[in-house]
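Below is one structure, written out as structure tokens, with a few remarks after it.
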Amino acid sequence: MDNSQAPERIVIDHEETKLSAQQKPSKGGWRSAIFVIFVEVAERFSYYGVSGNLITYLTIVLGQPTATAAKNVNMWAGVSMVSPILGAIVADSYLGRFKTIIISSIIYFMGVLLLTLSVSVASLRHHQSIFFLALYIISIGEGGHKPCVQAFAADQFNDDVPQEKAAKSSFFNWWYAGIVSGASVSLLFVVYVQDSISWGTAYAILAAAVAAALGLFLMGIPTYRRQEPLGSPFVQVAQVLVASVRKRRVDATHSDCRFCSEDWRVGGHANGRSGFKTLARTTQFRFLDKAMIVDNIDASSKTRNHWRLCPVNQVEEVKLLLRLVPIWLTSLMFTIVFAQISTYFTKQGSTMIRSINGSRFQIPAASLQAINGITIVIFTVIYDRILVPVTRKITGRPSGITILQRMGIGHFISIFTMIIAGVMEAKRVRVARQHGLIDLPKSTVPMRVWWLLPQYISCGTSLVFTIVGMQELFYDQIPEGMRSMGAAAYISTVGVGSFLSSAVISIVQAISSRTGHQWLVDDLNRAHLYYFYWMLAGLSALNLCFFLWFAEGFEYKKIEWNDPNEEKISLNGYSNNGRR
């Protein structure tokens with residue numbers, strides 16, 4: 001298959017197109033998705049109200065060392081972002097996305113409520129076990145909520161209607177801008193309440209936001225499109241793998257090979273046509289093709305053995321999953337860089353001048369993360385309204401550039417994020433040394449916190465490209481019955497990245513301590529944090545090389561429309577098909 005060719009476009013009769021455009025669906029579309037977007041905005045408001053300033057609570061209130069607190073933050077964030085895998089399995093296989101969202105939201109609310117009590121009730125205030133129990137109950141709620149909400153919102157757009165298909169690509173941009181807006185408001189407002197009023201009041205506000213979000217979600221019930229769970233998709237994956245192994249000696253290249261054409265198809269109408277959609281056959285992972293070859297044993301059997309013979313569509317769905325694995329792995333380095341925002345970026349800011357024009361008001365160090373969010377919102381508008389139309393004229397693609405091209409740009413920018421962060425940290429340490437503050441870690445370094453703006457802006461810009469690209473890739477290129485799992489897969493990169501960030505910190509501490517010059521110590525003036533940042537920049541550059549290599553050979557999903565009365569048609573007009 002030559003993927004360098006431009007994707008074919010389906011030619012539809014004018015009258016059919018006109019009819020489709022005039023049809024007003026009773027459910028779904030933007031009017032349904034907007035409910036879900038606001039729910040996710042409230043959830044992100046709550047989550048970042050907890051995570052954004054968590055390292056401050058651990059170090060100041062609970063008295064943990066900086067490195068220990070950073071690892072605890074990364075560990076909790078990692079669990080919160082990996083648990084969606086289990087939530088996705090439950091949603092796709094048993095409960096469905098709608099019910100999973102409701103149940104997980106209730107669990108989430110209970111966690112935030114317990115967190116509020118743990119910091120408000122005097123007898124519980126210094127019991128770390130209660131505090132961490134509440135945090136991990138929130139992680140459980142996050143596990144069910146996070147993978148389902150985005151997939152449920154995207155489900156409101158029908159891929160068979162061109163207008164809605166085009167709107168879905170724009171949806172991912174505005175989805176991310178919305179949730180970042182919620183996070184940014186939290187980092188400005190809630191963090192200020194935590195630092196200036198009380199932790200209990202701040203967490204009570206978050207609990208109220210979660211309750212309001214659940215109520216808002218329930219208000220939209222009459223407008224939602226719902227998809228029932230299709231059973232465990234892992235069984236279907238296992239069947240293909242087992243069948244391929246059982247037929248490993250079968251020659252798949254023989255001209256007389258007959259393939260199983262029975263598919264689990266999505267029937268119905270698209271653009272006025274009757275028939276069914278199937279995945280087009282691809283040439284990658286050819287060893288899996290043996291699972292769909294009809295041999296003598298299959299031909300003589302009256303019924304199909306699902307563990308010996310699989311239809312073409314089922315085999316191609318497994319190939320979709322395998323293609324995403326290297327992209328997932330090469331996205332981990334990016335999330336390790338992203339993990340520094342809520343840990344060492346925040347600690348950097350806490351040592352600098354944070355007052356405005358000499359006033360007594362101090363900008364909370366954790367609120368600096370809002371700069372990252374504001375950058376994302378602004379650049380999302382620029383990307384969606386300016387960059388996409390311009391690149392669309394050049395490439396002819398509805399999305400302007402392909403998803404992987406978008407992600408690759410984000411990876412490239414992240415390298416400069418770490419370089420800039422290292423330069424700014426080296427300057428901060430130099431100023432501290434010039435003023436004799438090297439051994440005074442609690443003293444304020446006479447350097448404005450605005451010097452950190454470039455690293456936050458650079459990071460926010462990279463997120464617009466990479467994270468939004470990952471969201472779209474792991475929704476669009478996943479089998480339809482596993483779309484909650486697709487959302488969980490992209491979210492899990494953030495979680496695993498947090499785990500890896502903790503591991504990298506431990507390794508760096510162990511190695512640098514042997515030289516007598518630890519890179520990461522509590523006194524940032526004595527630390528060599530800039531070496532750590534530059535090391536991450538080097539690893540990111542190496543990772544980008546691997547990403548580009550895997551992206552070069554990536555084949556996007558291709559869908560064919562089979563009509564018993566017509567010739568097989570390619571439906572790639574509104575997809576990012578081709579390489580990269």
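Backbone N, Cα and C atoms are what each Cβ position is placed from, and that goes for glycine too.
Per TrEMBL, the feature transmembrane segment maps to 45-63 (among others). Beyond its flanks by at least six residues, the transmembrane segment (45-63) meets 69-70, 72-73, 76-77, 80, 108, 112, 115, 119, 126, 128, 131, 135, 138, 142, 182-183, 185-187, 190-191, 194-195, 199, 202-203, 205-207, 209-210, 213, 342-343, 346-347, 350, 364-367, 369 of its own chain at Cβ-Cβ distances under 8 Å.
Look at TrEMBL and you will find 75-95 (among others) tagged as transmembrane segment.
According to TrEMBL, the transmembrane segment annotation covers 101-124 (among others).
Among the features that TrEMBL reports, transmembrane segment is placed at 174-193 (among others).
Annotated transmembrane segment per TrEMBL: 199-221 (among others), in sequence order. Remote same-chain residues near the transmembrane segment (199-221) are listed as 32, 35-36, 38-39, 42-43, 45-46, 49-50, 57, 61, 101-102, 105-106, 108-109, 112-113, 115-116, 119-120, 186, 190-191, 193 (criterion: CB distance under 8 Å, separation of at least six residues from the stretch ends).
Under the heading transmembrane segment, TrEMBL lists 320-341 (among others).
What TrEMBL records for 361-383 (among others) is transmembrane segment. Using a Cβ-Cβ cut-off under 8 Å and counting only residues 6 or more beyond its ends in the same chain, the transmembrane segment (361-383) has close neighbours at 48, 52-53, 55-56, 173-174, 176-177, 180-181, 183-185, 187-188, 191-192, 194-195, 341-342, 345-347, 349-350, 354-355, 449, 452-453, 456-457, 459-461, 463-464, 468.
According to TrEMBL, the feature transmembrane segment maps to 403-424 (among others).
For 449-475 (among others), the entry in TrEMBL reads transmembrane segment. Counting only same-chain residues 6+ beyond the ends of the transmembrane segment (449-475), those with a CB under 8 A from a CB of the stretch are 150-151, 154, 169, 172-173, 175-176, 324, 327, 331, 334, 337-338, 341, 345, 348-349, 352-354, 363, 365, 368-369, 371-376, 379-380, 383, 403-404, 406-407, 409-411, 413-414, 416-417, 420-421, 424, 427-428, 483, 486-487, 489-490, 493.
Residues or ranges marked as transmembrane segment by TrEMBL: 487-511 (among others).
Long-range contacts of the transmembrane segment (531-551) within the same chain: residues 326-327, 330-331, 333-334, 336-337, 340, 344, 404-405, 407-408, 411-412, 414-416, 418-419, 421-422, 425, 504, 508, 519-520, 579-580, each at least 6 residues beyond the stretch ends and with a Cβ under 8 Å from a Cβ of the stretch. Summarising the annotation, TrEMBL assigns transmembrane segment to 531-551 (among others).
The transmembrane segment (75-95) and the transmembrane segment (403-424) are not in contact, since fewer than 3 Cβ pairs between them lie under 8 Å (pairs 6 or more apart in sequence). Long-range contacts of the transmembrane segment (101-124) within the same chain, counting only residues at least 6 positions beyond its ends with a Cβ under 8 Å from a Cβ of the stretch, are 43, 46, 50, 57, 61, 87, 95, 130-131, 133-145, 148-149, 152, 198-200, 203-204, 206-207, 210-211, 213-214, 217-218.
Outside the transmembrane segment (487-511), and at least 6 residues removed from its termini, the chain residues within Cβ reach (under 8 Å) are 67, 70-71, 74-75, 77-85, 87-88, 146-148, 150-151, 324, 328, 331-336, 338-340, 343, 467, 470-471, 473-475, 478, 518-520, 532, 535-536.
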